[in-house]
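Note sheet for the following structure.
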Amino acid sequence: MAVTQFEPADARRCFPCWDEPACKATFKITLEVPSELVALSNMPVIEEKLNGNLKTVYYQESPIMSTYLVAVVIGLFDYVEDHTPDGIIVRVYCQVGKANQGKFALDVAVKTLGLYKEYFAVPYSLPKLDMVAIPDFAAGAMENYGLVTYRETALLYDDKHSAAANKQRVATVVAHELAHQWFGNLVTMEWWTHLWLNEGFATWVSYLSADSLFPDWQIWTQFLDESTEGLRLDALAESHPIEVDINHAGEIDEIFDAISYRKGAAVIRMLQSYLGPEYFQRALASYIKKYACSNAKTEDLWSVLQEESGEPVNKLMNSWTKQKGYPVVSVKVKDQSLEFEQSQFLLSGSHGEGQWIVPITLCCGSYDARKSFLLQAKTETLNVEEFLGASMSAGCPWIKVNVDQTGFFRVKYDEDLSARLRDAIEKKSLSTSDKYGILEDYYSLCMACQQPLSSLLALMSAYREELDYTVLSNLISIASKVARIVADAASELVNDIKLFFINLFQYSAERLGWDPKQGESHLDAMLRGELLTALASFGHDVTINEANRRFSIFLNDRNTPVLPPDLRRAVYVAVMQNVTKSNRSGYDSLLRVYRETDLSQEKTRILASLASSRDPEITHEFLNFLLSPEVRSQDAVFGLSVSREARETAWNWLKENWDHICKTYGAGFLITRFVSAVVSPFSSYEKAEEAEQFFASRMKPYFARTVKQSVERIHINAAWVKSIQSENHLAEAVTELVHREY
């Protein structure tokens with residue numbers, strides 16, 4: 001198979017051109033290929049001429065477009081086909097024998113094209129749309145005009161062997177790439193500084209599409225994970241603004257990150273929530289019409305939105321796109337007033353200089369009493385009676401700021417307001433998004449040493465009866481991070497902390513049980529696997545034993561109903577918990593399953609699980625396997641999240657293999673994943689210095705920022721460890737939580 005990937009600046013390696021987004025042209029492509037192969041390009045074929053064992057294929061001339069969107073794919077393929085009501089032919093191409101796995105993506109694509117035609121008030125502008133599954137592809141997917149390329153995991157879906165999470169990924173990635181056909185391809189950013197406009201927007205709008213097609217997925221609640229990824233990266237001093245000055249082609253790759261995609265999507269959502277969805281949609285449709293077939297920059301979008309809504313969009317949004325970081329808004333009650341203060345939030349605990357125009361929303365005691373205002377100064381005081389009416393002063397059970405987490409900032413409450421919110425969580429008075437936000441903000445403040453760990457644990461215990469997938473999923477990831485940091489700070493508390501987390505998740509795990517129920521929701525199917533994975537990794541014996549029982553049945557019969565795809569990751573992780581150099585049968589069996597499967601989703605599931613062994617020798621053997629020809633180079637990054645016990649092993653392995661990794665991954669963005677996954681988990685100042693020294697003589701522009709961010713993360717962890725060690729009553733607090741009667 002031969003595939004092009006020209007974004008950001010590689011079309012120049014294929015044909016002479018002004019290889020910049022603003023230099024648009026029309027393209028008339030002709031290919032000469034072996035006659036038995038399928039040859040695809042952006043436009044439909046007009047003619048083929050056979051010449052012995054070669055053929056010449058001529059394509060229609062394209063509309064005006066940027067060079068980075070030109071594409072060619074050549075290979076042996078099967079395909080499935082459908083068409084939109086307007087007669088646009090849509091096809092999914094995949095390796096021979098996998099055509100059935102393309103049907104789900106095909107269905108999503110046909111419906112999504114219709115949705116976007118309506119939303120943007122402009123029809124899709126090419127006569128056909130091809131989507132191709134590529135077995136080894138560095139990016140997740142690429143929106144080439146009319147010929148979108150994907151990793152197999154992001155396009156193919158197999159009813160029998162794909163998990164619910166895989167299905168959701170296919171739907172959102174397809175919706176993301178098709179959004180680009182308008183936002184990116186028809187209207188293109190003027191220069192790479194505005195990349196965020198492309199990616200943030202396509203990320204945001206893919207949720208709009210998925211929500212419309214699959215309302216029961218509650219995808220806007222899951223969008224909080226996107227915002228959170230953005231917030232966590234943007235709380236580093238080594239973050240960057242949404243709009244980055246790009247002075248050299250080598251700098252472009254590194255900004256395809258959580259700031260451009262996730263913070264970009266989150267600030268677009270914040271703006272949509274502030275202006276209202278109708279104004280927002282009308283303005284987008286005007287923007288697409290106005291700049292169709294040409295280029296635009298961030299300010300052009302703001303001025304259209306400003307015209308449509310009459311709000312000061314330019315001034316408001318510049319504070320979010322031109323400077324890095326975001327504020328934490330502190331809220332306290334004083335007499336009959338609420339005092340708000342903003343300052344830049346940094347995980348290092350230091351204070352940044354930034355100041356924002358913050359769209360504040362708040363609720364008092366009920367979602368009916370909702371108020372909003374723009375916080376433009378450093379501080380602002382609201383008279384509660386005037387603002388919320390007399391009911392508030394008569395005693396308001398709770399106040400929640402940043403209602404439903406639509407704003408891209410954190411909130412820090414005084415002790416009294418915090419305690420009231422904890423009660424409201426236990427009484428189930430809050431929306432899912434707000435429960436998520438309170439926990440996420442508190443966790444981040446704790447990591448920044450602004451709240452004690454004991455009070456974070458007390459807050460976590462309020463979520464014991466939580467049922468929602470997105471909230472529990474975040475609770476699980478916070479719990480595993482806390483367990484790691486406690487192991488570094490106060491190893492004598494580790495067993496109790498793990499026991500506390502096992503107790504915390506048992507209620508939900510027992511509610512779901514091991515076996516899928518008839519007609520259960522997509523979200524419960526995803527949650528069961530995550531809960532069991534967590535219980536296994538915290539060392540819950542009952543879960544580990546049951547997982548091993550099911551795994552041995554599965555080894556004898558790959559189609560057994562006892563191990564459906566949604567449970568596999570949990571079972572594989574559980575199997576790896578007891579693997580050691582002298583007891584390695586679980587590891588060898590998993591490798592066998594890896595070698596026998598042809599489904600890339602199953603392969604990546606196994607790679608991620610094999611990394612969780614606690615035995616450094618097994619991990620070392622596995623890391624070497626990652627670089628072997630048996631693992632596609634795109635997939636090696638799935639095996640880098642090793643257990644805490646094997647951190648040192650992974651770091652030594654990275655140093656030994658650095659030259660080889662550099663050679664294999666070149667200047668692409670995948671190399672940044674090796675750095676951040678292996679370097680960031682440490683928590684001592686010595687380690688930070690060691691990492692800095694190692695990379696000092698090996699620095700390249702395309703991973704320099706990632707090295708600095710990873711070293712900063714070690715510093716943040718180290719400071720957190722010190723802060724935990726100075727907490728006087730932590731041990732008693734943990735003991736009390738473990739033995740608390742529910």
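Every residue, even glycine, has its Cβ placed from backbone N, Cα and C.
Automatic prediction, not curation, is the source of TrEMBL annotations.
According to TrEMBL, the domain 'Aminopeptidase N-like N-terminal' annotation covers 1-69. In the predicted model, residues of the domain 'Aminopeptidase N-like N-terminal' (1-69) average a pLDDT of 97.
Positions annotated as domain 'Peptidase M1 membrane alanine aminopeptidase' by TrEMBL: 104-320.
Summarising the annotation, TrEMBL assigns active site, proton acceptor to Glu177. Counting Cβ atoms from all protein chains shown, Glu177 (active site, proton acceptor) has 27 others lying within 10 Å of its own Cβ.
Under a cutoff of 8 A between CB atoms, and with a sequence separation of 6+ in the same chain, the neighbours of Tyr261 (site 'Transition state stabilizer') are Trp196, Glu199, Gly200, Thr203, Glu226, Gly230. The site 'Transition state stabilizer' feature in TrEMBL is assigned to Tyr261.
Marked as domain 'ERAP1-like C-terminal' by TrEMBL: 398-715.
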